[in-house]
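K.L.:
Okay, here's the structure, questions in a sec.
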Amino acid sequence: MMSIPMELMSIRNPNSTLLYRAHSRPPVKLCAPPRSLLPSRRHFSAPRAVVSYPGIRFGFTSPEVLLNRSVVAFAASHEDSGESGVEVGKEKSDIDVEDDTSKEAWKQTLESFKEQVSKMQSVSSEAYSVNSQKAMTVLKETSEQLRIQAEKAKEELGTKAKVVSEEGREYILKAAEESPSDVKEIVEAFASTEDLKNVSRANDFHVGIPYGLLLLVGGFINFMVSGSIPAIRFGVILGGALFALSLASLKSHRKGESSTKFLKGQMAIVAIIFLRELRLLLSQKSTFLGFFTTLTSGGVLGFYLYKMVVKREKGPTLEDGGEDESSDGFVRSEG
């Protein structure tokens, strides 16, 4: 224990004489705590000077003790900052290691993905080539089979068509023998032209008879259904006239006479029908049926013009005499 005289207290307290006079004893004691009760370096408690007086207790801290406390606190804070710096450095190094590890894992994943993609591409290309070859083989075989079947069907249809045409011709000839003379002439004329395959071998009545009959029947049906007056004028009247002129041309042809005048009459009727249908078509008042009629009448008119040019190129008619074998097998004799 240390004892401090009370005279030293006069520096801090001017009235210390009173205290000295009243109590010259006991001395001031400096109480230091036991060594075992001292805290760690971070928390340091300095000894305090205690002045005992009856009913009053004074205490103060020594300046040296305060200085030591600040030094200890600075050292503790320096140690804490050092430890925190070490911990931050360790955390940074751990983060860098983790980044490197993640980059390596990402690179490995990309490499494996590229390998898988390349394998899939190679497999898909091989499969595509194999499948394409198989498909081409199957298509070739299928096309060959279809071609063979088409040829067989064509041959069968041609055979059946010939049989049907022969049977139909025989039936028509038998029916014509029992029919009136006009019908018989028409049937014989159409049966002797070899199905009208060659346009140059066909005569004007080969086209005028069916076309005039079509106009006649079609105009009559149109008038009965719709009551149209043009159907009577351009269908029944002109169609009937065309049919009659074609029959006259057929009879003159069988007799060996010239049929040029009948050809001109048929051409005039067809020209009237064609111009009328063309006018309706250009004025946008015609339907699909009108377009078909215009196309048909134009084709018939072109055929008549062709036959007229052919007749003019042949020169004089047979009315002047001589013989000429027509395209339908009839022989014209001298008039």
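Heads up, the Cβ atoms here are built off N, Cα and C, so glycines get one too.
Pasting the relevant annotations from Swiss-Prot:
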COMPBIAS  88-101  compositional bias 'Basic and acidic residues'
REGION    82-101  region 'Disordered'
REGION    316-335  region 'Disordered'
TRANSIT   1-72  transit peptide
TRANSMEM  205-225  transmembrane segment
TRANSMEM  228-248  transmembrane segment
TRANSMEM  286-306  transmembrane segment
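Give me the structural setting of these features: burial, nearby parts and distances.
P.N.:
Remote same-chain residues near the transmembrane segment (205-225) are listed as 186, 189-190, 193, 196, 231-232, 234-247, 249-250, 253, 259, 262, 266, 270, 273, 296, 300, 303-304 (criterion: CB distance under 8 Å, separation of at least six residues from the stretch ends).
Residues 182, 186, 204-205, 207-209, 211-220, 222, 259, 262, 265-266, 269-270, 272-273, 276 of the same chain, all 6+ positions outside the transmembrane segment (228-248), place their C-beta atoms under 8 angstroms from a C-beta of that stretch.
Beyond the ends of the transmembrane segment (286-306), by six or more residues, the same chain brings 199, 202, 204, 207-208, 211, 263, 266-267, 270-271, 273-274, 277-278, 280 to within a C-beta distance below 8 angstroms of the stretch.
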